[in-house]
Every structure is written in C-alpha cells, then in structure tokens.
Amino acid sequence: MSWQATILTLFPDMFPGPLGLSLAGRALGGGVWSCQTHDLRQHGLGRHRAVDDTPFGGGAGMVIRADVVDAALSAIQAPEGAPRVFLTPRGRPLRQQDVSRYAQGPGVVLLCGRFEGVDERVLEARGIEQVSIGDYVLSGGETAALVLLDACVRLLPGVMGSDESGVEESFSDGLLEYPHYTRPASWDGRDVPEVLLSGNHAAIAAWRQKQAEEITRERRPDLWSAWLDRRERNEAAAGRSGQSGRTGV
Ligand code: ADE
C-alpha cells in the first residue's frame, strides 16, 4: 500500500509540480506514494460555482464556505486514519516530528486555501489540523502543501539512500547541522578546518558536535534553549538511575 497524498485545491495543476522530479518524482513513478488532487470548484455553488463568500462581521477578502469544504471531504477517498491538514499562516508551526508522524501514517489529506481563509466551523467539525510552514504569508496553501509533502516523501522507506537518512537523524536531535566542506582543501585563500583532514574520527565527531551547538546557539536561540533543557533532564534522569543502581533499589 503506497502513501497517499490527497489534495483539495482550486489549483490542481500545481501538483505534483516540483515533486514530479528528482527523488520524490522517482518515488511517485515507482508507486511509493501517490498524489491525488480534488478540485474544490466542483463543489462550488450556482452558475459561477462560487466556493467563497464575504466574511460575517465585515472586513477584507473572502472566506471559503464550510459546506463546500465538507462536500469535497465527502467526495474523496482517503485512507482511514489519514490526518486532515489545512495549510494556513494561522496554524501551529510544522516541525520535523509532525513530518515524521505524517510519513509513518497512511498518508495525508491537505486542504489548500486561497483568499482570507476557510470557515472555522468546518475545520472544527471535521477534525482538520491547522499548520503553518513559517511566519510569512504565501498567496495560497498550495506551495506550503508542496513543502509539507516534500518533507514527508523523503522519509518514506526506499526514497533516500542510507547516507541521507543519517542526516535526518542528526537534525531530529534538535540541533542545526555542522558545516560541510569538500575539495579543494584550499579555496580562495580559505582552508578547510584542519581536524577534518586528520582522519581522527573521534576528534572530527567532537568538532562537528561543537559546531552544531555553536551554530544552533547563535542562529536559533529557541532550539538551543529546548536542547539545553532536554540535556539537563537527561542528565538528571541518568543521575537518578545511576544512584538507584548503586543503592540496589
Ligand atoms: N498559506 C499562506 N501562508 C502560509 C504559510 N505560511 N504556511 C502555510 N500555509 C500558508
């Protein structure tokens, strides 16, 4: 059974887009995952197949109607247990742990909005998670959906070689990655850090860990303090189990 992406959108032609190429494209062709779009316009009302209406309470823009989204959800065939996700800058931030949860399931149903948003009632009533890919506003949810799918598909079994899955683990320990270098060893007057040429694997690992910590502290104070908290908790837990070992409790 392949991992199934079902996308509700006003712009079905935007899929698979860039995910039809490279690793994701090969996996799509090979049946590792499938990408099914469903045009929200099919469920629009009246001669113009309107999917949106003006917001109650006034204000700018248009809101996608609850009944239109609901009709689209009823029409699709998504695997049992696939999470439903609405891409919106109002959502909780997408994290690697969410991506990993989605990738381990049967697939996802993605709702892509345009205009001001979607009637909140259908999001609540149909258990639709609200997810943002970052603190900036895109013109619609489709490009955010492509980002989410890219992050999921690369984790599906067989999509990437073992090298790359190692990289994935190093990010999910909560630190940004150390810097990378390749030949030539000297370029434009800049030398590769000497330790990387030493062949001393323990020293290289220690240097990379230190770099990862420094870069995370500088660039992402939020990740850094979460990592410090986790380390403190782990050390406390290790201390407790060490003590209980010694006292034989
Ligand atoms: N739609 C518009 N902006 C978005 C964002 N930042 N994340 C997810 N969906 C969006």
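In case you wondered, yes, glycine gets a Cβ from its N, Cα and C as well.
Taken verbatim from TrEMBL:
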DOMAIN    5-225  domain 'tRNA methyltransferase TRMD/TRM10-type'
BINDING   G113, I133, G134, D135, Y136, V137, L138  S-adenosyl-L-methionine binding site
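When the binding-site residues G113, G134 are compared by the number of other CB atoms within 10 angstroms of each CB, G134 has the fewest.
Proximity of the binding-site residues G134, D135, V137, L138 to ligand 1, judged by a Cβ distance under 6 angstroms to any of its atoms, singles out G134, V137, L138 in sequence order. Compared over the binding-site residues I133, V137, L138, the count of CB atoms lying within 10 A of a residue's CB peaks at I133. Within 10 Å of the C-beta of Y136 (S-adenosyl-L-methionine binding site) there are 7 other C-beta atoms, taking all protein chains into account.
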